[in-house]
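Written below as structure tokens is the structure these notes are about.
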């Protein structure tokens, strides 16, 4: 889960990272009041989870509260790379002497953590990495050790900080690592990290991405979710503990196990080439549980997508046997009643497959078609979806 800048700022402050005053505002009037409360020069910053805000006109300096009102009026409702600005942060103006860069992230390729640091901040870090890679220090972080004082000192030395700044910057890096570790983040980035005219090191802008797999350890993270931006079907599925991702297609997919579901997406996409180029409408992994309740919840989410024209249920019976899956499907259709109004193609294999097929055959539901293989099921589901387009 990516955080808004104001959320990252608040999280930094909670962990002792030095930040400037910042207040989120949803209306121009709130923005004016925030500017009056902070006092002096402020910056009106669009709150969207995308870069390039400044170039798009989403960041403006306000010398007075009236200017903050004017700028926020123009920024609120603005579209920045497909993201609508619904709120702004009124931030205290900074006396910037130097701009730096720091981030720590999950390095999936090397199964490690990676710290990146540069004395040249304030610009697109991707551009710096390409044009002047020597200006960006990259230090591998052992997950078992993390960033301790010695590692923080190594990072600032590798980045080329002036001797008189190294202690202060290292102290901020240790606190940013505290954010990364204790909040179960996959990214903590500050660009720019600045030295003020008074010689203080301050995090002026921040990005934080949290690992949603660790949500069970962080009940307080729930309030950070952007309810406005979340896809309503994905939000509904999440509330029911379903692993669901909406896609842009017509064939709903239900499977057990991420690998099987991913394979099903590929097979359906391939079959769709012969049937009007229909595509998978979603990823939905019900895992090991295929009870009537889980099936009903899954079908309810999928059938709530108006783009879905057919559903392909592809299950390999293991711990959860095929007869239990079949009973779950029959029970789900009974529970959903008239809202289950799209054809279902069901392919079962594995533990107790014959009993599962018998249950579905005897149920004789008009919407259910049995398929012997995954290829056959994908082809039939694509055919039905194309016919209903």
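Just so it is clear, glycine is given a Cβ too, placed from its N, Cα and C backbone atoms.
These figures come from a predicted structure and were not determined experimentally.
45 is the residue from 45, 87 that Swiss-Prot records in the ATP site together with 52, 53, 54, 94, 99. Among the candidates 243, 256, 274, 386, the residue that Swiss-Prot names alongside 318, 319, 320 for the substrate site is 256.
Across the residues of the domain 'ATP-grasp' (9-236), the predicted structure has a mean pLDDT of 93.
When the Cα of residue 318 (substrate binding site) is compared against those of the binding-site residues 53, 94, 99, the shortest separation belongs to 53. Note: the CA-CA distance between residue 319 (substrate binding site) and residue 94 (ATP binding site) rounds to 60 Å.
With respect to their backbone Cα atoms, residue 256 (substrate binding site) and residue 94 (ATP binding site) stand 53 Å from each other.
Here the Cα atom of residue 99 (ATP binding site) is found 8 Å from that of residue 191 (Mg(2+) binding site). For the binding-site residues 99, 205, the largest tally of other C-beta atoms within 10 A is found at 205.
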